[in-house]
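Residues or ranges marked as transmembrane segment by TrEMBL: A:20-48, A:60-82, A:109-135, A:147-164, A:170-188, A:200-221, A:261-284, A:324-345, A:357-381, A:393-410, A:416-445, A:466-489. Look at TrEMBL and you will find A:20-441 tagged as domain 'DUF112'.
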Amino acid sequence: MDLFDNMMMGFSVAVSWSSLWACFIGVTLGTFIGVLPGVGALAGISLLMPLTFGQSATDAMVMLAGIYYGSIYGGSTAAILLNLPGSVTSAVTCFDGYPMAQKGEAGKALAMTTLASFIGGCFAIVLMMTFAPPLVAVAQSFGSPEYFAMTVLGLLAASTLSQGSPVKGIAMVVVGLLLGLVGTDIQSGVARFTFGSRELLDGISLVVLAMGLFGVSEILINFTSSVFATSRQKVDTSWQAMWPTKREWKDTSGSMARGSVLGSIIGILPGAGAAIAAFIAYSVEKRVSKTPERFGKGAIEGLAAAETANNAAAQAAFIPTMSLGIPGSATMALLLGALLIHGIQPGPLVIQTDPDLFWGLIASFWIGNLMLLVLNLPLIGIWVRMLLIPYHILYPCILFFICLGAYSARNNPIDIFLVIVFGLMGYGMKLLQLPAAPLLLGLVLGPMAEEHFRRALLLSRGDAMVFLTEPISAGLLATAAIIVASTIWSSLRRRKRALADTAA
Amino acid sequence: MFQHLSKLAAAGAIVLAASAAQAQDFPTKPITWIVPYTPGGITDTRSRLIADEFGKALGQTVVVENKPGAGGTLGLEYVARSDPDGYTIVYGTLGTLAAAPSLYNNLRYDSLEDFVPIHMMGSSANTVIAYKDTPYSTPEELVAYAKEHPGEVTVGLAGIGTGTHLASELFANAAGIELLQVPYKGSAPMLNDLIAGRLDIAFDYPVSTLGHVQSGAVKVLGVTSEERLELFPDAPTMAEAGLPDAVTGSWSGIFAPGGTPPERVEILADAFAAAMESEAVKDAFEKVQSEIWMMRGEEMSDYVAAERDRWTGIIEAAGIEKR
């Protein structure tokens, strides 16, 4: 009954007026920060952190955590309505969310997103409460060979993300990998492909790339197409039109279950993060779907899987952060910094020394997720009205926010230049029908794959067998091999059959 | 209204009353303090805290602005080219002022000519930590083991050219041992591998290691400070372990662009000293086991110059390639 006692203690902390208020402020601000393109949780939390200095440690953490997962909820809004990933995590939401909006189903897409986010978040919280210690052990057992094997699987998934020609998909993954090489080499400290520019020493920012490839290019495409002149269709935001039908619930329930599990597992691993969780859940969904051709054209299952996964991962990321004191991402590192300011030493002992903080925070996640659900459903009606703003007013505003978001990440004008360059590149890619998603995933996974491959070899003193002797890594690599083999097998059989058909 | 308030605040700053009266023409507008690291980190939050007290003592707002990139050198470059009027200052460190000249190509500043030291902030030692089941528990035992097994002990680096990397180079150099360096992207993944036993030892700041030492996940072999640290009373210093050359601390201070009028530098230094002596700042430094350092003027410029020479030698000896 330990768990029950812990939860009761948690809720007794989290339902205090001050914590409820902190939670409400956190998730509300988070939602709005998430909606703004390019301004993610990281910027939001660092700007608002000074506000929490006067609060108790628990209230401060509740509020800052609320900004974090709130922004992941909010990030989907701009992705669905404008094809603009408000944060990296919602890049996957663009794939099917935006086509749904183009079909006039913006309300439904937003409602589905909110519900899926809620379900994914809740699943991860349950997991966190019941299995935190064994999960920590899993996260700990992930060394460089395991991370490398995971990125191999991820890269395979990346090349299947796209529509149409697999060759184009693979080519774009490679372009992403190449862009990922830009910057300082972790192993040697040598600058690569920076062309003497010291601004590029830290590499190309994923947010900048995503905003350029998706957001800016979308605006350019619309300027040159006839869509610009046509009148908009009105979006039905009545309850009946938005709430998923029985059939849609049935179609998405499997996706949400898979998304929750995948998101939670990936979220626990330090360094993997919510964006990768969403990418992988989406490509798994496309693989198991009987109608994979619908993906990218407004498949509600793809949207549901990505949203459950990224929110599950966002919550699960707190497991290593709080129980090990090891932050999995920059945002988590910030939250640990906030703990330090309040004089609490993050680390494995936090659960024992400050149980009210730990369990109170977890209980607040429930409350926060519930608040987000209540907050976001009525807001849909307001958000979709954004689409009624004429393009000639809306687009300059969006471009302004994109540039602002790009600049604010590190107060460096070169990022504005880069976002425009990537926008033009994205425009060219759209004309050539080259998919942008695999490129994005290549940039995320490439540097990870290289880093862990080289470190694994360094630690094994150059013995490449380490990837096969470690059980988890061997299992992941075997899965990758099976996927490749089955893809080749099925395409060979198809070709054989096609040949037989023409012969007959 | 605003002027009225700022006058009141100036009057409230007791330490400064005299010097503020002497040079009332400065500062008449907010001071921009460039912190060349990402917002939210320990450096940034600490600067914001100090900025608050600093502003109170100056009678002017001090605005912290983050300009991260290239290990902090982009922010330094920005300030080196700012107007030397005292209204733009920068957070300078061992990394950006002593080590960076030997680590980066095309660095667009000279640590000594392009900056005037205003006041030191503090210095933070490194802890030498090891996986809990390693066969050594003191610096001497580590050195003896590494001499028997050259190149076998793995040492984690939080990044090439970071303060912790330099401290480990210094240690290996002083002890005459060869370690297998394993670079990471920051300290968190490095500690994760150390706790799991995939890595043998690491150098890191007390603020990151304390929790893991307390929980018994890692053991602390020694500290690089001159005196023992309160939080790790049993950990010997490098000097105690017979390695006086391995004593080091990551220092930081505030600097103005070269050519800033000396009387303005004085006003800033007086106010900064008052801020460093405030209770809030003292508290914050104690929490992360950083030492407050009340150094300024010529003493500080000599120190920075000596540090630059010292690290240039160490980095050359270690054979770290410029980027």
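Glycine residues also receive a Cβ, built from the backbone N, Cα and C atoms like all the rest.
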Report summary line: Sequence-distant residues near the transmembrane segment (A:109-135) by C-beta distance (under 8 Å, 6 or more away from its ends) are 3, 6-7, 69, 72-73, 76-77, 80-81, 93, 96-97, 100-101, 242-244, 248, 252, 256, 259-261, 263-264, 267-268, 300, 303-305, 307-316, 318-319, 323, 362, 365-366, 369-370, 372-373, 376-377, 380, 383-384
Requested in this report: Could you check if the transmembrane segment (A:170-188) is in contact with the transmembrane segment (A:466-489), meaning 3+ Cβ pairs under 8 Å among residue pairs at least 6 apart in sequence?
Outcome: no
Report summary line: Lying 6 or more residues past either end of the transmembrane segment (A:20-48) yet within Cβ distance under 8 Å of it, the residues of that chain are 14, 55, 59-60, 62-78, 82, 84-88, 90, 207-208, 211, 215, 330-331, 334-335, 338, 364, 367-368, 371-372, 375-376, 379, 383, 398, 401-402, 404-406, 408-409
Query - Folded-back contacts onto the transmembrane segment (A:60-82), same chain, C-beta under 8 angstroms, at least six residues removed - result: 14, 19, 22-37, 40-41, 44-45, 48-49, 52-53, 89-91, 93-94, 97-98, 100-101, 106, 109-110, 113-114, 117, 121, 215, 218, 274, 307, 310-311, 314-315, 318, 331, 334-335, 338-339, 342, 357, 360-361, 364-365, 368-369, 372, 376, 383-384, 386-387, 398
**Report entry** Any contact, the transmembrane segment (A:261-284) to the transmembrane segment (A:357-381), with at least 3 Cβ pairs under 8 A
**Finding:** no
**Report entry** Arithmetic mean of per-residue pLDDT over the domain 'DUF112' (A:20-441)
**Finding:** 83
Query - Long-range Cβ neighbours of the transmembrane segment (A:357-381) (under 8 Å; 6 or more residues past either end) - result: 6-7, 9-11, 13-15, 19-20, 23-24, 26-28, 31, 57-58, 61-62, 65-66, 69-70, 73, 107, 110-111, 114-115, 117-118, 121-122, 125, 128-129, 237, 242, 315, 318, 322, 344, 350-351
Query raised in the report: Who are the chain neighbours of the transmembrane segment (A:416-445) in space, where the CB to CB distance is under 8 Å and they lie at least 6 residues beyond its ends?
Result: 91-92, 95, 151, 154-155, 157-159, 161-164, 168-177, 179-180, 204-206, 208-217, 219-221, 275-276, 279, 402-403, 406-407
